[in-house]
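Written out below as structure tokens is the structure these notes cover.
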Amino acid sequence: MAVATETPFHVLAVDDSLPDRKLIERLLKTSSFQVTTVDSGSKALEFLGIHGEDSSPPVSVHADQLEVAVNLIITDYCMPGMTGYDLLKKIKESTSLRDIPVVIMSSENIPSRINRCLEEGADEFFLKPVRLSDMSKLKPHILKSRCKEHYHQEQHQQSDSNSNECSNPTNSNSNECSNSRKRKAEDNEEVLPQTNRSRHS
Amino acid sequence: MIMPHTHSLLLVFFGQCFRICEMWRKAADSRVPLVRQMKDMPEPNMDYSNLRRQIISMKKSLFDQGYLDEQFNQLEELQDDSSPNFVEEVVALFFKDSSRLLTNIEQALEKHPQDFYRLDSLAHQFKGSGSSIGALRMKNECSMFKAHCSNRNLEGCRRSLQKMKREHATLKQKLETYFQLLRQVGPRERAVNSWK
């Protein structure tokens, strides 16, 4: 039986430093993510399709690109103009983007800064330099948010699944979601065997 | 019934097999990696292991003298067949970026009145990218510079900038030498961290 090829998760990485962008891109690609890098918060918002307060789905609106969904945003905190914190706020204020998990990176270990970000809705805070071992913390956040998304969809639409990850019978779907919420952030791929299985079918 | 051109194809095929077998045998005999044999590189064992010794020794001294820290190892771990020059590339980006920052800092120091907030911000960027490539001494000198900025100590900043420029030039030269040595080793052999 052929194994279906999964589309890798797509991460948008935001950092004004060129060597840092190269590093985060390599870290993400090594961890099997598809990566887009931008050098500022405003370019990130542009890529995410925010021009105003519309409720369009989280896809890129560049005419010369295929529409791609963004599964996670990882951003540096200290950037000129729009900081990572400002970007986080804008994302959380957007109805279409607020469910995308956001991770903040910073070279400074300032507890008040970390707390502020987490309170504003950041899912994770990485101290720079970011390491390969940090990458395993990303997927659980993505899977959690996708389960949430599907749960909401089913609540509103009462329809069957659209051949996405948490697909198949409603019962197993809500089981997977409640399972994922119980897991700790440190767990990685092995965490949601049911989800992985259904993706392969 | 075998057609004539099939027959000659078979001959060519077996000929190639024989050639490959010979190469494997030679490679096994001389203990030089097959990839070198295939590239017809003439280095005997001796030079190759001397080269590796040189590289390991240089890397150790860079660490012992505090030029580099553990983050540099992390970079080397990220290098593989799909990104065989990653470390050299990211280091090159750092030097390009930091040269620009050094120039900006120098210019900002000569403006009157000095904008210590901006100077601190420039040093902060420098420190951050230095830290990302494991440039320990560079990072520490940036911290010194930032401390002088907080104290609005112009002379301190000037002295620190000179040190930063020296560290920058030294590190650049040492890493260029290191990468030159690495380039003499085949790309497949560049996973320094896995050596013994």
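Backbone N, Cα and C atoms are what each Cβ position is placed from, and that goes for glycine too.
When Cβ-Cβ distances below 8 Å are used as the criterion, the coiled coil (B:154-181) is approached by residues 51, 54-55, 58-59, 62, 67, 87-88, 91, 95, 98-99, 102, 105-106, 109, 114, 119, 126, 135, 137-138, 141-142, 144-145, 147-148 of the same chain, each at least six residues removed from its ends. The feature coiled coil is assigned by TrEMBL to B:154-181.
Sequence annotations record features per position, and here TrEMBL assigns domain 'HPt' to B:83-178. The helix, strand and coil residue counts that DSSP assigns across the domain 'HPt' (B:83-178) are 82 helix, 2 strand, 12 coil.
Residues annotated as phosphohistidine in TrEMBL: B:His124. In the shown protein chains, 18 other C-beta atoms lie within 10 A of the C-beta of B:His124 (phosphohistidine).
Marked as signal peptide by TrEMBL: B:1-19.
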